[in-house]
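Beneath this line is the structure, given in structure tokens, with notes to follow.
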Amino acid sequence: MTAAHYRQLLFYGLPGLPLAMLGLPLYVYLPSFYAQDLGLSLSVVGMALLAARGLDVITDPLIGWLNDKVQSRMGRRKLFMLLGLPLLLVGLEYLLRPSGKVDGLYLFAWSFVTYLGWTFISIPWQAWGAEMTRDYHGKSALSASREGFAILGTVVVISLPFFVGSQAAVTTLGTLATLLWWLLPLALLPALLWLVERRQERRFAPLRKVGSILSAHPAIRQLLPAYFINSFANALPATLFILFVTHVLQAPEQVGVVLLVYFLSGVLGLPLWLWLARHVDKSRAWALALILSVLGFAFVPLLGVGDTAWFIAICVVSGLALGADVALPASMQADIAQQMQHQGNPNTGLLFGVWGLLTKLALALAVGIAFPLLDWAGFVADASTQTAFTLTSMALLYAGLPVLLKAWVIWRMWNFPFSEVDFRDYWEMSYANALYAAYPSALHRERVQQHED
């Protein structure tokens, strides 16, 4: 690879670091912070976050569609990313440093503003990566750069309490807000200034035709449900992680250490899955990673007080699978988007808008389902002990259900109908047809000569 290619990977992936630094607090720390530190009930927190994330059902595909439609001198992807930056900065300031009357409405409103700003950045960013290169494995490299920086950002935010000298959530989240006010603009700047955005066709589909667009490609019909179910399976343990470590393992002081081990394992595993994807194809490599994750997570419901060492070992195994889980599905989506664009459906932003919708809907359902179920099972946030039924319910929601869901995704992905061979066959056929249209007699002579040989 050339220096220009490495520079492209660096500048494109860099925004993933600060965005991920915000991601873990929003989806893991924030629900527990508003419930345990600020005194909101689990049901109020769950329903407020469910409502805010549920609005992404409208905003994600709408912003993706608008991003495909709007044109500007600086580039449509860059324009939307720039517009999303102030929204995100203002939202995270009020969400991570709450002041005044903090209730369910406050949590809902500022969560929505934060998610909206995030959507304005993340959807064009992902769509841009799908358009940067037409190379099958080049898309994997861009996806891996984006997700690799995201994992590094997660590692940074996990380490933050150790650097600020406090484990208190209010101190850590306040420091994070200050950092992100600097890091987000600095990380976006190189991509906005120096990366080139390909000019695309001005055609776009009416918003009412989203359903027909998504059903037009058989691989999309198979990938999107599998991605959604897998995202939901990942969102359940992400939502319940702090509660599980605190109440089942009774090791709250180990939360940061366990998360650090998990995400560092993800960084180490990422090159392995990229290498494997070149040899057994992306979908099969993803399925193998899911099998590894299931084999590790299947033992979690058996753990109890004092089993922290075993839990860390499981996190190493499941963490190694993380790289494939975050990089390969998005790369597969980019391959399909490229083919659909060539077939006259230039709706990459819309496709990634639906992708973002499914991601956030899965996270919303995880909070909206898991927290009320724990309430029903008798969980009390400030109680020193929980009943056996409550702890068993938490373990099954944390690991038992995700294992079953991932098993279904493995079955769906093992024989995915869009491999590297299909990708290359399509483009070779397209090239041959274009060549024949331009030089029919020359191509005919070439085929006759091949037949005679």
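Every residue, even glycine, has its Cβ placed from backbone N, Cα and C.
TrEMBL does not curate its annotations; it predicts them automatically.
If you look up TrEMBL, you'll see 9-28 (among others) marked as transmembrane segment.
As annotated by TrEMBL, transmembrane segment applies to 40-58 (among others).
Taking Cβ pairs closer than 8 Å, the transmembrane segment (79-96) reaches residues 22, 25-26, 30, 63, 66-67, 70, 72, 107, 110-121, 123-125, 173-174, 176-177, 180-181, 184-185, 188, 191-192 in its own chain, all 6 or more past its ends. Positions annotated as transmembrane segment by TrEMBL: 79-96 (among others).
Annotation source TrEMBL lists transmembrane segment at 108-128 (among others). Sequence-distant contacts of the transmembrane segment (108-128), counting only residues of its own chain at least 6 positions beyond either end whose CB sits under 8 Å from a CB of the stretch, comprise 12, 15, 19, 22, 26, 48-49, 51-53, 55-56, 59-60, 63-64, 67-68, 76-78, 80-81, 83-92, 94-95, 98, 146, 188, 197, 330, 337, 348-349, 351-353, 355-356, 360.
What TrEMBL records for 149-170 (among others) is transmembrane segment.
Tertiary proximity for the transmembrane segment (176-196) is limited to same-chain residues at least six positions away from its ends with a CB under 8 Å from its CB atoms, namely 7-8, 10-12, 14-15, 17-19, 21-22, 25, 74, 78, 81-82, 85, 88-89, 92-93, 96-97, 121, 132, 157, 160. The feature transmembrane segment is assigned by TrEMBL to 176-196 (among others).
For 227-249 (among others), the entry in TrEMBL reads transmembrane segment. Outside the transmembrane segment (227-249), and at least 6 residues removed from its termini, the chain residues within Cβ reach (under 8 Å) are 27-29, 31-32, 255, 258-259, 290, 297, 303-308, 311, 325, 329, 333, 355, 358-359, 361-363, 365-367, 370-371, 374, 379, 386, 391, 394-395, 397-399, 401-403, 405-406, 408-409.
Look at TrEMBL and you will find 255-276 (among others) tagged as transmembrane segment.
Counting only same-chain residues 6+ beyond the ends of the transmembrane segment (285-303), those with a CB under 8 A from a CB of the stretch are 230, 237, 248-249, 269, 273, 276-277, 310-311, 314-315, 317-318, 320-321, 323-325, 328-329, 332, 392, 395-396, 398-400, 402-403, 406-407, 409-410, 413-414. Taken from TrEMBL, the feature transmembrane segment covers 285-303 (among others).
The transmembrane segment feature in TrEMBL is assigned to 309-328 (among others).
According to TrEMBL, the feature transmembrane segment maps to 349-374 (among others).
Among the features that TrEMBL reports, transmembrane segment is placed at 386-405 (among others).
Residues 229-230, 232-234, 236-237, 240-241, 243-244, 247-248, 294, 297-298, 300-301, 303, 370, 373-374, 377-380 of the same chain, all 6+ positions outside the transmembrane segment (386-405), place their C-beta atoms under 8 angstroms from a C-beta of that stretch.
In summary, the transmembrane segment (349-374) does not lie against the transmembrane segment (255-276): fewer than three C-beta pairs, each 6 or more positions apart in sequence, are under 8 Å.
Contact between the transmembrane segment (255-276) and the transmembrane segment (309-328) is supported: at least 3 Cβ pairs lie under 8 Å, counting only residues 6 or more apart in sequence.
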